[in-house]
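Undergrad: A single structure is presented below for examination.
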Amino acid sequence: MEMPRRFNTYCPHCHSHFEHEVEKVRSGRSSGTKWDARRTRRGKAVIGNAGRFSKVPGGDKPTKKTDLKYRCSECGKAHLREGWRAGRLTFQE
């Protein structure tokens, strides 16, 4: 799917329509231990299944939702919107 890099849309900070630049959200730094690792560690000292899942959590979906950030050209602030499913997303210059 192709999408324009810049287009006019509403800015919730300026309360008006201005040109926005679209960028993909980069992943942040990962935290120490995730919730499932903490849960497993809690279960190690008990009788039973030691905090494991009875069924393995599901795999990946065939397409991912878009994760985009819209940056206002007027105030410079960025906001997020709900993503949609797209196989491949490219930006038009």
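Every residue number used here counts from 1 along the chain in the order it is shown.
Cβ coordinates are placed from backbone N, Cα and C, and glycine is handled just like the others.
Marked as Zn(2+) binding site by Swiss-Prot: CYS11, CYS14, CYS72, CYS75. Swiss-Prot lists 11-75 with the feature zinc finger, giving sequence analysis as the kind of evidence.
In terms of burial and nearby residues, how do these features look in this structure?
TA: Within the same chain, the residues at least 6 positions away from CYS11 (Zn(2+) binding site) whose Cβ sits under 8 Å from its Cβ are HIS17, PHE18, HIS20, CYS72, GLU74, CYS75, LYS77, HIS79, listed in sequence order.
Across the zinc finger (11-75), DSSP classifies residues as 9 helix, 17 strand, 39 coil.
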Undergrad: How many other Cβ atoms sit within 10 Å of the Cβ of CYS14 (Zn(2+) binding site)?
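TA: Taking every protein chain into account, the count is 12.
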Undergrad: Could you check the binding-site residues CYS72, CYS75 and say which one's CB has the most other CB atoms within 10 Å?
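TA: It comes out as CYS72.
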